[in-house]
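Data block below; observations after.
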Amino acid sequence: MFTSTGSSGLYKAPLSKSLLLVPSALSLLLALLLPHCQKLFVYDLHAVKNDFQIWRLICGRIICLDLKDTFCSSLLIYNFRIFERRYGSRKFASFLLGSWVLSALFDFLLIEAMQYFFGITAASNLPSGFLAPVFALFVPFYCSIPRVQVAQILGPLSITNKTLIYILGLQLFTSGSYIWIVAISGLMSGLCYDSKMFQVHQVLCIPSWMAKFFSWTLEPIFSSSEPTSEARIGMGATLDIQRQQRMELLDRQLMFSQFAQGRRQRQQQGGMINWNRLFPPLRQRQNVNYQGGRQSEPAAPPLEVSEEQVARLMEMGFSRGDALEALRASNNDLNVATNFLLQH
């Protein structure tokens, strides 16, 4: 929607699809047909602490009672489906589970801190819904998704491929009085889980037997078919020319982004990716349709690509041709090729 992910829709993202459909349907059902049942899904930490209503930690943190929160969180989950394609459904579910559990602890700590330092007790009634894991996903989104400048406005300000996602997150952040507590808890839990602090990723994870069980039972229900008609960039006469145009377009975007930010291209070992080293063949390749009488340069022998890495990229939802092009351009670096494809 806002970020390009290689293929549209929810292909290879059954968990994201279930998180879009089930909570949204239940939220609409409670708002339109069963408003008298909404009290059962109120996220009331005061009732949890004083009345030992532990079940509210589950019911109050799954379904949104505010429809605009449902809409914003659904849009964010749709865009964050790229992590399910990258990590796989089991690791993605483990991240959501870990951040969901940790955020409940951080909610309690923040509420107690507000009551102790500021005497604010009304904050014990927090917004309901699956919101904290959505905010937690901003941590890997910020750290692992490359920033590509799309346009520049008002001098130093620029619009990137990530700008609209941050704006949508800000809209969700400001949608309620105390939702900032849930947002901070989600960001803290995402940071703890993503950085593997205290080995929480090994404790709060989905067991393999459970992942297999759900893959046999629920995954066929929420799985989506592979898109057959993708809109292609460029007007090349053949698929090879179209793929070449797509690669060259992304190369130009990356170069423009680095130029606008004032970065100088230099080779570093173990540091930032040197795009001039990875992508010069894309700019130097010339097709017979665009030569205009000039002689083409001698073609370099094709780089051998690992079939295992091609298979992993295809499991994320990318086509075989795009996976081969990205792996050749990135010198068989799977991480660079994945980030490359996620931006196109």
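For all residues, glycine too, the Cβ spot is worked out from N, Cα and C.
Here the structure is a predicted model, which means the values were calculated and not measured.
According to the topological domain annotation in Swiss-Prot, ILE62 and GLN149 sit on the same side of the membrane. The topological domain 'Cytoplasmic' (113-125): residue composition by secondary structure is 8 helix, 1 strand, 4 coil, according to DSSP. The secondary structure of ASN161 (N-linked glycosylation site), as reduced to three states from DSSP, is coil rather than helix or strand. Summarising the environment of ASN161 (N-linked glycosylation site), the number of other Cβ atoms within 10 Å of its Cβ, over all protein chains shown, is 19.
Counting residues 6+ beyond its ends, the topological domain 'Cytoplasmic' (113-125) has Cβ neighbours under 8 Å at 42-46, 49, 178, 181 in the same chain.
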